[in-house]
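Engineer: Pasting the feature list from Swiss-Prot:
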- 16, 17, 18, 19, 112, 516, 517, 562, 606: 5-methyltetrahydropteroyltri-L-glutamate binding site (BINDING)
- 432, 433, 434, 485, 600: L-homocysteine binding site (BINDING)
- 432, 433, 434, 485, 600: L-methionine binding site (BINDING)
- 642, 644, 666, 727: Zn(2+) binding site (BINDING)
- 695: active site, proton donor (ACT_SITE)
């Protein structure tokens with residue numbers, strides 16, 4: 001019989017119960033025990049959903065209060081020494097301080113989990129790091145699953161991926177040298193799981209889909225030789241890309257099974273068809289929301305079943321952390337667009353799709369014929385829908401003039417024209433875009449969407465908020481102002497609602513980091529902009545002040561990366577469609593007198609393929625799509641872009657090729673680490689490295705901000721340096737926002753006087 005299993009499940013709950021409970025706990029409105037009880041109830045629900053879908057094991061250990069890599073830092077005793085906490089006796093408050101910072105320490109750095117929109121907390125390894133096992137996180141969840149009478153499979157990220165994802169801190173050394181100390185701690189943790197009755201243990205090694213150095217790849221042999229001495233069967237899970245280049249190594253490892261992502265890399269199956277142990281086929285897309293064509297999947301699985309017999313397992317391609325919880329609650333979407341609804345599949349539907357595949361493999365297709373027929377009808381309808389394909393969009397792309405994505409003049413000429421009218425001081429200050437989204441703003445938006453607030457009253461509320469934001473910025477003496485984005489629920493969703501080819505869910509939330517969830521738009525058809533989206537808000541904000549007002553758009557690559565994207569045409573084509581649609585908005589802003597326009601691209605690095613060999617092709621089309629979004633603007637219009645969570649030292653030429661007049665970047669959490677590359681690569685345009693971390697409520701000291709600004713001045717000419725926070729301020733409160741910005745402006749004025 002074929003075994004089915006799940007690699008991981010969403011943590012936040014069907015209605016974001018965990019998020020709201022966490023935030024109440026942080027505000028001291030919820031007792032710790034109440035938070036613990038809610039989390040336990042969520043885990044039980046998750047496991048029961050998996051069991052109801054006939055999964056042979058439920059995944060345990062994947063649930064986390066903030067991040068699974070932070071949990072692993074605690075479990076291995078590798079929490080940052082600078083906090084002074086005891087990992088063996090860590091309180092829940094201390095756990096959250098690691099993630100969010102406290103008055104004495106900034107938060108652990110956060111970055112993208114491979115090429116997804118989930119963020120993990122980056123382990124800080126020191127030469128003196130002393131690992132110590134604390135398996136309580138996993139053991140406690142196993143005990144809960146056992147109490148419910150469930151078959152369970154613990155899930156833990158493997159030692160090589162864990163080390164790879166970290167960074168060296170302090171005295172220079174290679175974190176790879178810590179491996180021999182880390183492995184015995186893993187053995188101790190695994191033994192604790194075995195003592196609780198674990199028969200199979202899933203060890204995730206997604207780093208195998210990267211370009212790992214030879215010594216790291218070679219280390220898999222010795223590491224898994226040690227881990228395999230544990231009295232349990234190990235399932236080595238890979239995902240997010242192909243591991244075919246390591247096929248011989250993986251086939252020889254002393255593990256009991258191997259999981260392959262056959263959605264991202266279906267071609268890799270050929271390299272493993274002679275695998276002699278359990279082969280877990282990841283055939284249901286774990287990162288997107290499209291319904292599978294189950295007949296096509298069975299066409300792949302049935303020959304595999306004939307070869308492998310009971311050694312064939314089936315699963316989603318990766319953890320379902322990246323998909324929304326349940327399609328069935330999307331009643332409005334079903335009423336509005338029945339066809340689109342029929343093409344979608346969320347977490348609960350995916351586990352059911354897996355169950356249909358399992359039944360078909362074990363009992364024949366006829367046993368699930370109705371489900372297979374429904375899957376086929378949906379696939380056929382999607383392939384031929386006129387709602388998806390709009391000939392005029394393809395025509396416009398095909399007929400773009402040569403050089404449409406290039407500015408009229410080089411930066412050196414443009415900046416002279418821009419400076420002539422901008423008349424800004426040295427080290428100009430600005431904000432990235434958003435200001436705090438207060439309860440009042442959210443209430444007004446929700447009331448308007450429900451029809452409880454008229455359009456006139458809603459717009460009056462937004463204008464009042466915009467005026468408040470403008471006045472606060474004037475009081476702080478900022479140089480280039482923003483309107484604060486009060487009218488925007490989300491930097492991608494807002495634009496998606498106003499572009500054709502997009503659809504929206506009501507409950508399609510996925511975790512971004514900690515308690516932060518996002519609700520990605522669904523790009524299902526060709527993209528156009530039917531009417532202006534932001535012009536009247538920016539125009540109104542500009543009417544309130546004599547200072548320069550910056551227009552704010554989200555760029556094509558970020559809209560693509562932070563959406564659930566159609567999978568029937570290349571992503572590059574979708575991205576260029578968005579870029580061309582945005583160019584209409586940019587020209588309308590310019591015509592309305594908004595001549596500083598920011599096109600945010602925080603996700604540009606996240607889109608990089610995991611294998612370096614594929615980078616150039618991506619960077620070429622991503623850069624073209626970005627430049628298309630401002631095609632046709634005049635030289636004296638200043639185009640800004642913003643990037644965050646990014647380590648892009650290795651793609652600086654591509655960033656420069658975007659040819660934005662000003663780039664602002666997130667750098668404070670990594671102590672301006674990004675700027676080391678500027679010593680070698682003379683970035684040609686203006687740049688604003690973030691001088692404080694907006695992900696934490698902590699107000700930076702003047703000394704800290706000055707330290708970062710001076711580091712920036714060492715590598716960026718003062719004439720080309722801007723001063724700004726790391727990112728937008730949407731998630732912050734007003735009190736800390738004012739205090740943080742005041743420190744930033746005061747330090748800037750001090751340095752201006754010094755440099756004058």
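Quick reminder: no glycine exception, Cβ is built from N, Cα and C everywhere.
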Engineer: Give the residue from the recorded positions 16, 112, 642, 695 that has the most other Cβ atoms within 10 Å of its Cβ, counting over every protein chain displayed.
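Structural biologist: The largest 10 Å Cβ neighbour count belongs to 642.
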Engineer: Counting across all protein chains shown, how many other Cβ atoms sit within 10 Å of the Cβ of residue 517 (5-methyltetrahydropteroyltri-L-glutamate binding site)?
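Structural biologist: The Cβ of residue 517 (5-methyltetrahydropteroyltri-L-glutamate binding site) has 18 Cβ neighbours within 10 Å.
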Engineer: Which residue, out of the binding-site residues 485, 600, 606, 666, shows the minimum number of other Cβ atoms inside 10 Å of its Cβ in this structure?
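Structural biologist: Selected from the binding-site residues 485, 600, 606, 666 on minimum Cβ neighbours within 10 Å: 606.
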Engineer: Using C-alpha atoms only, work out the spacing between residue 433 (L-homocysteine binding site) and residue 727 (Zn(2+) binding site) and round it to an integer in Å.
Structural biologist: 8
Engineer: Where residue 18 (5-methyltetrahydropteroyltri-L-glutamate binding site) and residue 642 (Zn(2+) binding site) are concerned, what is their Cα separation in Å, rounded?
Structural biologist: 30
Engineer: Closest to residue 642 (Zn(2+) binding site): which of the binding-site residues 16, 432, 434, 600, going by Cα position?
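Structural biologist: Nearest listed residue in space: 600.
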Engineer: How many whole Å apart are the CA atoms of residue 112 (5-methyltetrahydropteroyltri-L-glutamate binding site) and residue 485 (L-homocysteine binding site)?
Structural biologist: 25
Engineer: Find the one among the recorded positions 517, 606, 695, 727 whose C-alpha lies closest to that of residue 434 (L-homocysteine binding site).
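Structural biologist: Sorting the recorded positions by distance from residue 434 (L-homocysteine binding site), the top entry is 727.
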Engineer: At the level of the C-alpha atoms, what whole-angstrom distance separates residue 432 (L-homocysteine binding site) and residue 517 (5-methyltetrahydropteroyltri-L-glutamate binding site)?
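Structural biologist: So the Cα of residue 517 (5-methyltetrahydropteroyltri-L-glutamate binding site) lies 20 Å away from that of residue 432 (L-homocysteine binding site).
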Engineer: According to DSSP, folded down to helix, strand and coil, what is residue 600 (L-homocysteine binding site)?
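Structural biologist: Residue 600 (L-homocysteine binding site) sits in a strand per DSSP.
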Engineer: For the 5-methyltetrahydropteroyltri-L-glutamate binding residues given in the record (16, 17, 18, 19, 112, 516, 517, 562, 606), what is the largest pairwise C-alpha separation in angstrom?
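Structural biologist: Taking every pair of listed residues, the largest Cα separation comes to 28 Å.
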Engineer: Test of understanding: give the count of other CB atoms lying within 10 angstroms of the CB of residue 434 (L-homocysteine binding site).
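Structural biologist: The answer is 23 other Cβ atoms.
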